């Protein structure tokens, strides 16, 4: 590994670990200011056409995410360790594998498992930004959800953050099956268990013949402090 490559990767102070049957996880902290295009070659990552005119920040995020994806596939023992990009810009995992990728501006994470053992998997990380999430609450939660969050023994903005991230994880988890975009109104948070770090989402509308309104998805959430000391929430859904 070259010196330039090393400078892009930032040693993680508190490496994030996730334990779920049949799932492997790989995460890194990175320094976006040290990004350079040679990293695509050094990490054996193909450059998609969608990045041709992308800003440096987006290229750095893509490299970090695909680096994690490649490594999590190696942890699974896969021969193919590249994750392609679909026309909709979604990750295309090797045959027989389900996976998910998420990142912030200095942290990236990927999870994956074999489709013979999993039905779906999704992960998301979001930085805590109280004012932003409170101001945009109506865009991703209903008044009923907001009333429920106000009754919880945790900060209101944290409940909103969990809700936003959980719905992002759900979208990623269901994308390989439904392959179309759906908005936040299709799911509602019905439970957040602060003691256990768990949440439950319920579909408000049907997505397919088999994924119908009323279906409940359970997940976990984790508090995580990134290397730049930004407080974050990681949500994870798998079954």
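Each residue, glycine too, has its Cβ placed from N, Cα and C.
Look at residue 58 (CoA binding site): DSSP puts it in a helix. Other Cβ atoms within 10 Å of the Cβ of residue 58 (CoA binding site) number 14 in total over all chains. Annotation source TrEMBL lists CoA binding site at 58, 66, 102, 103, 124, 168, 172.
Around residue 126 (Mg(2+) binding site), taking its Cβ as the centre, 18 other Cβ atoms fall within 10 Å, counting all chains. Positions annotated as Mg(2+) binding site by TrEMBL: 124, 125, 126.
The annotation domain '4'-phosphopantetheinyl transferase N-terminal' is assigned in TrEMBL to 50-112. Counting residues per DSSP class in helix, strand and coil order gives 23 helix, 17 strand, 23 coil for the domain '4'-phosphopantetheinyl transferase N-terminal' (50-112).
The feature domain '4'-phosphopantetheinyl transferase' is assigned by TrEMBL to 121-200.
Minimal Cβ crowding within 10 Å, among the binding-site residues 124, 168, is found at 168. The maximal spread of the CoA binding site, taken as the longest Cα to Cα distance among 58, 66, 102, 103, 124, 168, 172, is 19 Å.
Residue pair residue 102 (CoA binding site) / residue 125 (Mg(2+) binding site) shows a Cα separation of 6 Å.
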